[in-house]
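Novice: The structure under discussion is supplied below as C-alpha cells; questions concerning it will follow.
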Amino acid sequence: MTIKTSKPIPKFPTYGLLPKEETEAAAFLKKYPEYDGRGTVIAILDTGVDPGAVGLQKTTEGKPKIIDIIDCTGSGDVDTKTIVKTSKEESSKETLHTIVGLSGRCLIIDPTWDNPSGEFHVGIKRAYELFPKELITRLTQERRQKFESEHYQILVEVQQKLAAWEEAHSPSSTPTESDLAIKTDLEARLEVLKDALKNYDDPGIILDVVAFNDGSDWRVVVDVDESGDLRGAPLLTDYHKELQYHKFSQEDLFSFSVNIYDEGNIVSIVTAAGTHGTHVAAITAAYHPEEPALNGVAPGAQIISLKIGDTRLGSMETGAGLARAAIELVEKKCDLANMSYGEASSIPDFGHFIELIRDEVIGKYGCIFVSSAGNSGPALSTNGSPGGTTSDVIGVGAYVSHSMIQAEYALLESVPERSYTWCSQGPNTDGDIGVTIYAPGGAITSTPLYSLTKSMLMNGTSMSSPNATGCIALLLSGLKAENKPYTPFRIKNAISNSSKSINENFGVGLLQVQKTWEYLNTYYDREDQDISFEVKINNSSLKNRGIYLREENETSSVQLFNVSIGPKFMKEIEPTTGENNSKKFEFETRLALVCTQPWVRSPDFLLMGSQGRSFEVKVDPTQLNPGGFYYSEVEGYDTTCPDRGPLFRVPVTVTRPIILSNSKVSFNNWSFGPGHIERRFVKVPDGATFADLTLKFSTSQATSPARFWLHMIQLLPQKRFTAHERVYMFSLGQGSYGDGNGEEQVEKKRFAVHGGVTIEICLAQFWSSLGNHTVSLEFVFHGIQIANNANNGDTIYVNGGEAYTRIDVVTPVRREDELHPSISLDVLRKPLRPAEYSLKPLSPDRDVLPNSRRVYGLLLTYKFSTTDKNVTFTPKFPAFFDLLYDSYFEDFFAFVYDPNKKVIGYLDIYAKNIKLETKGDYVIRAQVRHHSQEILEKLNNTICFLEFNLSKKITLEVYNQVSEVFTSNKPTANKRSLEKDSIIAYFIGSPTDYSTYPKEAKPGDILSGKLNFVSSNKVDGGQYLINLVVPPAPTKPKEITPNGDEESGKESSKDLTEAIRDLQITHLKKFPAESTQRAEILAELENNHPTHLPVFIAKLDLLLESDETLSPETANKVLEVADEILKKVDLTELAQYYGIKQEGNINETAKKKKKENDEKKKAVVSALRAKAQALAALASDSTSSSSNIAATRFEETYKALAQWWDATPPTSDFKNLLTYIIRERRANRYGNALKALNKYLSESSLTNDNTKDYEKALGIKIELYKDAEYTVWENYERKMKFIRIPPGGYAPF
C-alpha cells in the first residue's frame, strides 16, 4: 500500500548529526579510506566511557575499540585490606565452600577458582555510590513502587486488625487494661509504618567485593544481586588484560569494569559518572558498520577511557584525578588525548596539572593534547583551563554549521553559520589568545546504555574538542601509515595555518583536515616544524604571552614592549643523551616581522638562533576609538619559506575604554539578528560600587521573541574572570512586546562593580533566536564607599569587645539619595585546628609522576560537635579553595563523617553546604597531595573554618553620633541623601547583651554578614562584608567568704581520699574481667567505702558487661548486688524528697542534699534496671522451673523502676529504654517498642561515647521488625545498617 503525501518526503540529513563535511574529514576519508584513525590510541579524559554503548565495540579493522578503562578519581575505590579464608559447609546435597564477606554475609565461592594462597580480600560498596545521579533517580522511583507494594500490604493488615478491635469493643463497653494495651500497640504499629515510609531512603544494592590472586593475576568478583552465591559470576581482572566488563543488572543496564591496586588492597570499580564521556568518545571514534554516516570522525581509532569526573562530586574533576590521568597518558603511550572539561583559572598557563601536561605529557612524551576552550562567552577573556589557557595544548572553540542546524536543532528558519554565542573568547589575562581552532560544537550520537536512549543531542566546546581530536587522529593515522614521525608542535602549527577563516575576532579558523594534510606533506622535510616558539612579554613579572591593553592607564598613551621569542624543542626523555643538541646548534632562521594593523609597529627583520631573540613592539592605542575592541598580530615569517605561514604570532589586544564625564552612559538602538554580538568597554568611575542598568526594547514591526544574553566582566590581577562577572538572560519580544505596536519592554538590574576598572558590556542575541531586534541600554553608576577601605568586596571588622566601630562613608561618584546603612549577620564562623595529622607516600601503582617523583598525602583530621539537629554548615579551607588548574598543589579533597564513620558529605575546592541531621560529634578528614614532603610539612596545622547558618539573623545597629550608641534605644542612621564627594561618619554599635550571641559562639569566633548602604533595591554581588569578632563572655566576680582558706585546708585531706577512691572506681573497667587486680581493688573499695553507692554500681556494671546474654549464674549475681544497693537506700524517704517541689533558689546545704539524693536516685534506677534485666533473662529460660516466678518478679520490678523515670517510655536514656523494650517484646507489643526506639534514635545525639548504643539500637530495630514479621522493613534496616555503620570504616580517598 502506498500513501500519498502532499509533497515528496526528503531524506533525513544524517550527515549533520555528527558533522564531518565542514572540517573536510569526510572528503579526506573518501580519498584515504584507510587513514581512518587506525593505528592511533586516543585517551578520553572525561566522565568515563560506557564500553557497552552503541558504536564503541570494534574499530574498522575489527580490533577492540576500548582498550583500557581507568578511574583516575578514586570514586569507585573499595578498601579490600580485610583478608579471610574459606570454610566448608556440609549440606545434604553438596559441600559448600564459603567465606564471610565484609557485610557479614556468607558468600559461596567456586572451588574451581585458582587461589594458591587461599586468601580472599573482601570489601563492601553501596552501588549507589558508583551510579550517576540521573540513574539513581530512575532506579529509586522504580524500586520504590515495588517497595511500597509490599509495605502497604503490611499497613493494610494492621489497619484491618485495628478496625477489628474497634468493632469488637463498642463505645459503651469498658475494655480491659490488656485490651487497651493491644489497641495502643496497633496504633503504634500504624504510626511506625507511616513514619518509616515517610523517611524511606532506598539503600540500593549493597555490593560484596571479593579479590584474590590466581597465581598470575588478581581477580575480582562482585555480588551484584546480593544473592551471596558467587559461583558462575564473572571473574574480572584489570580491564586492559582481558577487556571484560559486566552490568550490575538488567534493570539499570549500567556497565562496570575493575582494576586492582596495591597488592589486592584496593579494588577500583570503574563506572561512568555521567553520559558526557561516552558521547565525547562516540564523536571522536564511534564505528557503526551498518550505517557509516553515524560514525565518529575517526572510526578506526582505539580509545582509552580515563575517568576524571568524580562520581562523589556529581562528575566534577579533582586534582588527583587529573594528575593520575596525566600519569596514565605517559604510561599508556597515548597518541592523542581529548579533555572536554575545564574551569576558570586565576593565572593562565600555571598550576600542577598544567605543568604536567605542558612539560611532560606534550613537551617530553609527545602526546597531542586537545581540550575544550570553554562555554563561558560571549564576553572576552573567558577561556577555561586547560583548553583555553595552556601553551602547546590545542584549544578548541565551537562552531555551528547549516547541516547541524538542519539535522540537530529543528529551527523554523535557518540562521547564519558562526561560532556559538556561549563559546569562550580570548585573550587570556596574559594576552595569549588561547583558542587554536574551531570545530563543529554539536552532535547527536551514542550515550551509555543506562540512559535508555541510543543517542542524544549535546552541544558545547565539549563536543567541538572531540570532533577536532578525531580530525587530528585521521592525520596521525596517515602519517603513521606513511612512517612519517611527527611532534605535537608540528601538528598544532599545521592545523592552525591550514584553517578556514570564519571571521572570528582573533582570526582563529575552522579546522580543515584535507588542507592540513597537504600542509603537513608540503612542509614535512622542514625540521623547524617540530619547534614551538614561546612568546614572552618582558615588561611584566609574570612574563605574559601576549600584549593586552585594557585599562585607562594602558590605553591612554603609546606603549613600548620588549618581546622575547624562544624556540622550544621537544624534551629528551633521557636528559643526559643530548639528543636535541645538534638540532639546537643547527637551528637558525631569518625572520620577517609583519604587523597586521597600522597602530602596531615592530622591526622588519630578526635573525634568531636556538637561544631566541628579543625585539621592541610599539603599540599606539590613542589612534583607536574609545569603547571598542581591537586586535592585531606581529607575525614572524621565515623569509626562505613565507608560504607556510607564520612561525609565531605575538597577539596584541586593545580594549580602549570609554572615559565617562559623569555617572551615566547610554547605548542606543543597537540592532541585532540571530547570533549578533555588540560589545563596548567602559571605565567604571573611580569610587563606584554599584550600577543601575535599564534595558529597553520596542518594535514597530512584528518580530519573533528572542533570547538575549547580557554578559559583563571586569578583570583584576590573579583573579578568575568569574570573580567580577555578571550574566543576565532576557527574553525580549514576548507576547504583545513583539506585536509591532511600539509597546516598550523595560528590564532593570542593579549590580556591584569595581571602581576604576574597565567593564566589558557584551550583549548578544542567542545564535538560534530568530528575528531582528533593536535594544537600548543605559547604565548609571553609584558609589557609596567606606573611606580608606575603598575596594569593592572589602571586609569591615567590628571588635565585639569595643562599644562601637566608626566608619567614614564617602560618595565619590554622584549625589546618593538612598543612603541607609543596615547590618545583618547570618553566619557563625569558627576556626578549627587539626586534631591529628599524618604524612605518607601514596600508592606506588597510581601516584608516581612521569618524572618518577612519588606523590605524598598529608592527612588532616578535624573534630567538632553540634548541639542542634538539622544544622547546615560549610567547611572552608581558604588555602585550597577556588584553585584547581591554577593550584600549586596536586589536590585537595575531604570527607565529613559522623562518629560511625558514615560519610555525611564531600569537599573539593568549592565551598559546599552540608546538612548535619543529628546533633553530636563529627570528623573532617582532609587530604592534601603534592610531591614535596617539605612543603606538605608546612601545612600540618592548616586552619579549617566552619561556617554555620544562624537560625535567627543578628542585626547591628548603626548610629549618627557616638553618644547615641549609649543613649538611643533604636538605630538613628535613617535614610538620607549625601552630595557627591561628601563624607559622613557612622557608628556601629556592638551588642551590649551577651545573650545576643549564639550559644555556640566562643571568644574569637566571627559572626559574618552584609553591610548594605541601599535598602530599596538589592545589589547583585553585594557591597561590603562585615565580620564581628565575638568577645569573651562577661564573668561574675568570685565572692571571697570569711575563713575561706581555713575551710579549704580542712577539706583537702578528705578531697584527696575521695579522689583516689573515684580514680580506683574508674580504673576497674580497664582491668581484664578475670584479673586478680580487679578483684582486689573491688574488695578494697567495698571494705573501705561500704556506703558509697558508686562502688556497688560499678560492681553491677562489671557483671552486666561480663555476660551480655545474662546466663542464670550471672543473672543471680546481678540480683544479689542490685538488692544490696537497694538496701542501702531509704526508698520511702527518697520518694518523699522527690515528691516535694523544690524551691528555685536554694542554699548550699540544700544543694548538697540535692546532690546526695540525685546520686541515690541514680543508684536506685541502676539497681532496679539491672534487676529487671536479670529477671527477664531468668524468665525467658524455658528450661527453668522458676521462670514463672521470675516473670512475676520482673513485672513487679519493672513497675517499681518506672516510678523513677521522668517519662514512659524513657527515650532519653538508652539503658532504661532497653528495659522498656524488653517488657514490650515479652508482651509482643512490637509497635510500642519500635515507636519508642525510633524516638530515641531521632532525638539522641550521636557522639563518640554512644556509638555502641547506637549500633545496638539499630540491631534491636532489625530484631523488632523480624519479630513483627515485617520482612520488607527488616531487610531494609539490615541494608541501611551497612550505610549507617560502614563495616569498612573510613572511605578511601
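The backbone N, Cα and C atoms fix where each Cβ goes, glycine too.
As listed in TrEMBL for this protein:
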- Asp46: active site, charge relay system (ACT_SITE)
- His276: active site, charge relay system (ACT_SITE)
- Ser462: active site, charge relay system (ACT_SITE)
- 37-509: domain 'Peptidase S8/S53' (DOMAIN)
- 531-654: domain 'Tripeptidyl-peptidase II first Ig-like' (DOMAIN)
- 672-771: domain 'Tripeptidyl-peptidase II galactose-binding' (DOMAIN)
- 813-1002: domain 'Tripeptidyl peptidase II second Ig-like' (DOMAIN)
- 1046-1106: domain 'Tripeptidyl peptidase II C-terminal' (DOMAIN)
- 1035-1054: region 'Disordered' (REGION)
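If you look at the structure here, what lies around each of the features I listed?
Specialist: Within the same chain, residues at least 6 positions away in sequence whose Cβ sits under 8 Å from that of Asp46 (active site, charge relay system) are His276, Gly277, Val280, Ala281, Ser305, Leu306, Lys307, Ile308, Gly309, Asn338, Met339, Ser340, Tyr341.
Counting every protein chain shown, 28 other Cβ atoms lie within 10 Å of the Cβ of Ser462 (active site, charge relay system).
In the predicted model, the domain 'Peptidase S8/S53' (37-509) shows an average pLDDT of 96.
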Novice: Need a quick answer: max count of Cβ pairs under 8 Å to the domain 'Tripeptidyl peptidase II second Ig-like' (813-1002), which of 37-509, 531-654, 672-771, 1046-1106 is it?
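Specialist: The listed stretch sharing the most Cβ pairs with the domain 'Tripeptidyl peptidase II second Ig-like' (813-1002) is 37-509.
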Novice: With every protein chain in view, what's the tally of Cβ atoms within 10 Å of the Cβ of His276 (active site, charge relay system), excluding that atom itself?
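Specialist: Neighbour count, Cβ to Cβ under the 10 Å cut-off: 24.
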Novice: Using DSSP, how many residues in the domain 'Tripeptidyl peptidase II C-terminal' (1046-1106) fall into helix, strand and coil?
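Specialist: Per-class counts: 52 helix, 0 strand, 9 coil.
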